[in-house]
């Protein structure tokens, strides 16, 4: 039956026509990303840009049909539009349709939404699916760590402002300015454009660097554990399907 065939097409990317459809969509995604990349070359002629525009339009048409098929024939129905992959599908095609009525050349943020097409590959990539499951499982811990990190960054900014504000007013005369220093120091990036010169500031920075090392290690540990759990989940899922 046509309905069952189309449902298998969008819901079962591992077998039969669903597998062929999945490979086709992946090829279109890669072609679309290459089109986006080549489009940034300033030396392209008008004819070349016209060809790229045709490729872009064809890709959008395919992505739109895919999105509608998933809404109509997916087991989730209209709720699919509000799922993780549903939102990615929407953001992947949104810039094209917005550009039909709005000039987006000056709004680069909207054009960057085209990069969401790259995330569409997550539906078919085992590795990316594993990361998706890992982030889903660890989201509460990561949010808690993120909130804690923001508090520590603010404390670091206030502290360095207290120690270095008078000695280096051009760099540390306000807490908002110090937030940049605190962020780069806690993440151990350290661009070197601002550094303490007072004894108190140096000691405080040493303590902040120690905290920064932990700030890098904690999310790494959380993700390592989450990836391990994701692998077990995917193994269990594969065994249940066999």
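Positions of Cβ are set from backbone N, Cα and C atoms, glycine also.
What TrEMBL says about a protein is an automatic prediction, not a curated fact.
Model, not experiment: these values are computed from the prediction.
Per TrEMBL, domain 'Ion transport' is recorded for 19-233. The transmembrane segment annotation in TrEMBL covers 20-38, 50-73, 79-102, 142-163, 203-227.
Recorded stretches compared: 50-73, 79-102, 142-163, 203-227; the one with the most Cβ pairs under 8 Å to the transmembrane segment (20-38) is 50-73. Summarising model confidence by region, the domain 'Ion transport' (19-233) averages a pLDDT of 82. Long-range contacts of the transmembrane segment (142-163) within the same chain: residues 135, 172-175, 177-179, 181-183, 185-186, 196, 198, 200-201, 204-205, 208, 211, 215, 218-219, 222, each at least 6 residues beyond the stretch ends and with a Cβ under 8 Å from a Cβ of the stretch.
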